[in-house]
Amino acid sequence: MTPNQRGFVTLLKKEVMRFWAVLGQTVTAPVITALLYLLVFAQALSGRASAYDGISYTEFLVPGLIMMTVMQNAFANTSSSLIQSKVMGNLVFLQMAPLGPWEWFAAYVLAALVRCVLVASAMFIATLFFVPLPVHQPLAILAMFLLSAGSLAVVGLIAGIVSQKFDHIAAFTNFFINPLAFLSGVFYSVHALPPFWYTASHLNPFFYMIDGFRFGFFGHADVPILHSIAWSAGFFALASAVCMRMLITGYKMKR
Amino acid sequence: MTTSPSNALDIVGVRKSYGSLQALKGVEFSIPRGEFFGLLGPNGAGKSTLISIIAGLVQADAGQIAVLGHDTVGDFRRARRLLGVVPQELVFDPFFKVRDMLRIQAGYYGAGREVWPWIDEMLERLDLTSKANTSMRALSGGMKRRVLIAQALVHKPPVVILDEPTAGVDVELRRTLWQFMSDLHRQGQTVVLTTHYLEEAQEMCSRIAILDRGEVKALESTRQLLRRHPFRFLRVKLAGNAALPEALRELVASESDGSIELKLETGKHPIGSVFDALRDAGVAIEDVQTRDPDLEDIFVELTR
């Protein structure tokens, strides 16, 4: 292993150890929250007709909930790690180390993916007790999981770079992540929306992430899977380009 | 001025401004390998800005810095592997224990298990062995300071910068750190020290730069710097608290506990002339002491 590779692996390990040290907050808590959503919505809307033939509303709900939780946790992992290091001042240890922008980027994003794998697996297993999910296209599930979790991890990294205090991260979460996540068709099919909101939903990248992920389970979706993959890949590429530019130039990181 | 691999640090025309404030105005000097170098200056002189630029925490507006010939921007990976910086602030990662933190820090620099024995040795030398498995957040300020020093040295850098390592630490720890820094220097490491304890710099540094308002005001060996001061000091206690003759009043540097310190310019004010003036005025001397100027006198002279 070259020194550069070892530096990257160390940062990745450290980031995994960081969320592992508080697994109750970083994995268990979001899974429980999502299961509560499932319990409440499945009970309240169990009589509601599903968007797709032969699929119950509870079944319809589960992939969206898993993906929404994954996206929120991907964002939380990178953003909270970076802002904590900034506020505590220990980011200097990383900044003084011989690590390049790519190593920062890859280590933070991969660590978030590890957390998301744990969250998604825990949710998938837990929801089996409510409703067993079919798996129609495992590759689509994997692709959408990686693109969506990756995208939100990168957005979290951008938020961490731009923010100077915890309030800024909270603003990102409350005014950007949560609205886009809740208005992305997690709890409903966009076909049920009035025309304006139907069109607006198609401009929300989170909609494609959830719709494409759901396709992997049922083989049905609101838009073709290739559209979802293209939108998600495009969003990931755009966010990554912005993030890399910030890391290379030291934006808000170097005084 | 160009950079050279024979120098531990080359600082060439470094400028940095924050808005209208010019923190560094074209700072330029070199530190040869193996030197124990003092970087002194009052608060706001630009010391920490300069160290932050060397460490890669701050971007200079202009200029170049090289560590053992490796540019800190163009060849940052090599430069940073050759450099260890102890930051001034007591920063720590609360998620980890002391030994884990040091191993992680070593990993960032590409060092693996081969440095684990060195980490244990440092823990012992810095009296941290009993705290190796303690969470960073549970350590006292002094202990955290020791861990900061160990963190800067995990990758065995040949050039070490200590930014006020003894600020706010007790006497015992200060002595431990002095011993530790001296040992590092004896082993061939280049040590750059910033401190507000001028006796510490005078004792340990072979060469000193005095920075003030973003400019290098002096850059000399400690001995030359001390000789540069054209004064010596004479402290007299006059019998019966007699008044000092008018002719000597302009020489008074300070007064305390009934004794008066006179600042005498070499060649212009021989000590004998002071005694003559006192005798002529009929003033008896109860006690007398002389002292050479120390670094503090020179520092005050250069930065006022």
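Our numbering is plain: 1 for the first residue shown, then up by one each step along the chain.
Any Cβ shown, glycine's included, is placed from N, Cα and C.
Residues or ranges marked as transmembrane segment by TrEMBL: A:20-40 (among others).
The domain 'ABC transmembrane type-2' annotation in TrEMBL covers A:21-254.
Sequence-distant contacts of the transmembrane segment (A:60-83) (same chain, six or more residues past either end, CB-CB distance under 8 Å): 15, 18-19, 26, 30-31, 33-34, 37-38, 41-42, 50-52, 91, 108-109, 111-113, 115-116, 119-120, 123-124, 127, 130-131, 133, 144-145, 148-157, 159-161, 163, 165-166, 168-169, 172-173, 177-178, 181-182, 184-187, 189, 206, 209-210, 213-214, 216-218. Under the heading transmembrane segment, TrEMBL lists A:60-83 (among others).
Residues or ranges marked as transmembrane segment in TrEMBL: A:104-133 (among others).
Within its own chain, the transmembrane segment (A:139-162) is flanked in space by residues 67, 70-72, 74-83, 86, 105, 108-109, 112-113, 116, 120, 168-169, 172, 177, 205-206, 209-210, 212-213, 215-217, 225, 228-229, 232-233, 235-236, 239-240, 242-243, 246-247, 251-253, which lie at least six positions past its ends and keep a Cβ under 8 Å from the stretch. TrEMBL lists A:139-162 (among others) with the feature transmembrane segment.
Residues 41, 45, 51-52, 60-61, 64-65, 67-68, 71-72, 75-76, 79-80, 83, 152, 155, 159-160, 163, 197-198, 200-202, 204-207, 209-211, 222 of the same chain lie 6 or more positions beyond the ends of the transmembrane segment (A:169-190) yet place their CB under 8 Å from a CB of it. Residues or ranges marked as transmembrane segment in TrEMBL: A:169-190 (among others).
The transmembrane segment annotation in TrEMBL covers A:225-248 (among others).
Sequence-remote contacts of a segment are chain residues at least 6 beyond its ends whose Cβ falls under 8 Å from one of its Cβ atoms, and for the transmembrane segment (A:104-133) they are 8, 11-12, 15-16, 18-19, 26-28, 30-31, 34-35, 38-39, 42, 56, 58-59, 62-63, 65-66, 69-70, 73-74, 77-78, 81-82, 94, 145-146, 149-150, 152-154, 156-157, 217, 240, 243-244, 247.
Through the fold, the transmembrane segment (A:225-248) approaches residues 101-102, 104-105, 137, 140, 143-144, 147-148, 150-151, 154-155, 157-158, 161-162, 205, 208-209, 211-212, 215-216 of its own chain, all at least 6 residues removed from its boundaries and within a Cβ separation under 8 Å.
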